[in-house]
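Here's the structure, in structure tokens; my notes come after.
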Amino acid sequence: MATHKLLLLPGDGIGPEIAGALKKVIAWFDARGGGGVYSIEEDVVGGAAYDRHGVAISDAAMALAQESDAVLFGAVGGPKWASVPYEVRPEAGLLRLRKDLGLFANLRPAICYPALAESSSLKREIVEGLDILIVRELTGGVYFGEPKEIIDLGNGQKRGIDTQIYDTYEIERIARVAFDLARTRSNKVASAEKHNVMKSGVLWKEVVTALHGRDYTDVKLEHILADNCAMQLVRAPKQFDVIVCDNLFGDILSDVAAMLTGSLGMLPSAALGAADPMTGRRKSMYEPVHGSAPDIAGTGAANPIAMIASFAMALRYSLGQVAEADLLEAAIAAALATGVRTRDIGGGEASVGTEVMTDAILAALERLSA
Ligand code: IPM
Ligand code: MG
């Protein structure tokens with residue numbers, strides 16, 4: 001029987017609470033059997049790692065990540081670490097994981113669950129049935145480009161520099177992921193960049209166009225300026241199927257897309273590396289799109305759905321358990337359909353906490369698999 005090696009990195013803030021919820025879900029699949037055995041290692045990342053080791057992620061945790069079938073990441077950061085040195089700030093742990101594992105492809109689906117169409121800040125008819133996928137480049141661009149520094153100009157002025165860099169191969173491999181995924185969906189890709197002001201945008205458009213002409217003429221391709229894309233996302237989001245973009249635009253557009261669905265607390269993500277030519281295996285990490293929410297940390301109020309839905313993506317993309325992924329996603333929808341709500345998705349006075357929401361999903365798993 002297959003053993004799935006998972007590395008759980010709960011992180012900071014609500015991270016440990018939603019990781020606790022996830023452990024119950026994994027235990028459910030483990031007890032049910034049939035899908036293999038889950039072996040879970042756990043380590044610290046972010047501020048928690050800084051407190052213990054003085055770095056945002058230890059080399060030992062990185063080694064565990066390299067060996068795992070999937071890394072399950074909670075969230076990092078918080079006011080407690082606001083003034084630690086830049087190199088060891090909590091986010092540096094996340095960025096090192098992405099970079100060192102080569103996780104260039106970030107899949108951020110934004111799905112509006114029918115039960116939640118009312119909790120979006122947009123009108124029901126605009127978001128109902130929404131199903132878009134943002135494919136964000138994750139290991140390049142301005143996040144990692146050098147030079148990246150603040151220099152002293154010596155005249156009382158300083159200069160902050162970040163560098164946006166993209167090479168052909170980086171654009172091509174992320175566009176390929178977007179086109180391949182579009183074929184499994186509505187077969188449409190919107191490529192967002194700023195070729196009107198950025199050289200990297202000019203190249204981005206050129207490379208995507210060439211790849212499309214070469215290998216993907218069956219997929220409908222549209223080029224869109226990133227600012228217009230942001231506007232269209234709030235005007236008429238259902239026009240989109242797959243959106244592919246660079247690291248920074250992807251960061252911003254995915255927050256916009258996430259909020260269309262009612263809450264940032266709902267959305268999972270997957271970060272994937274290149275397929276190993278021998279085994280076909282991809283390094284991978286799964287994490288909620290939301291952050292560590294220090295304001296509600298420790299209160300038991302966090303919505304665990306984004307974390308649990310991230311595990312569903314792990315089942316689908318890393319563990320070869322597509323039926324289990326479908327089951328878990330259906331259980332989340334079924335739990336919501338019973339009316340149970342955390343505060344972030346409009347629970348109001350009747351809001352439940354992490355534990356009740358998790359139990360509702362476990363109960364739905366029982367019902368749906370009976
Ligand atoms: C995200 C986050 C991160 C990013 C931060 C925490 C570094 O906003 O995953 O979207 O900017 O990529
Ligand atoms: Mg972000």
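Backbone N, Cα and C define each Cβ position, glycine as well.
Note that TrEMBL annotation is computational and uncurated.
The annotation NAD(+) binding site is assigned in TrEMBL to 78-91, 291-303. For Y86 (NAD(+) binding site), the count of additional Cβ atoms within 10 Å of its Cβ stands at 8 [all protein chains shown]. Y86 (NAD(+) binding site) falls within a helix when secondary structure is assigned with DSSP.
D227 (substrate binding site) carries a helical DSSP state (H, G or I). Here TrEMBL flags R98, R108, R136, D227 as substrate binding site.
Listed in sequence order, L264, V289 are the same-chain residues at least 6 apart in sequence whose CB falls under 8 Å from the CB of D255 (Mg(2+) binding site). TrEMBL lists D227, D251, D255 with the feature Mg(2+) binding site.
Per-residue pLDDT, averaged over the domain 'Isopropylmalate dehydrogenase-like' (5-361), rounds to 96. Look at TrEMBL and you will find 5-361 tagged as domain 'Isopropylmalate dehydrogenase-like'.
Residue density at Y143 (site 'Important for catalysis'): 18 other Cβ atoms are found within 10 A of its Cβ, drawing on all protein chains shown. Among the features that TrEMBL reports, site 'Important for catalysis' is placed at Y143 (among others).
Taken residue by residue with DSSP, K194 (site 'Important for catalysis') is part of neither helix nor strand, so it is coil. The annotation site 'Important for catalysis' is assigned in TrEMBL to K194 (among others).
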For the substrate site made of R98, R108, R136, D227, how many Å separate the two farthest Cα atoms? 26
Near the Cβ of D227 (substrate binding site), how many other Cβ atoms are there if near means within 10 Å? 14
What binding-site residues among A82, P90, D251 have a C-beta sitting less than 6 Å from any atom of ligand 1? D251
May I ask which of the recorded positions Y86, K194, D251 have a CB within less than 6 Å of any atom of ligand 2, listed in sequence order? D251
Nearest of the recorded positions (G78, P90, Y143, K194, A293) to R98 (substrate binding site) - Cα to Cα: Y143
For R108 (substrate binding site), just give me the three-state DSSP call. strand
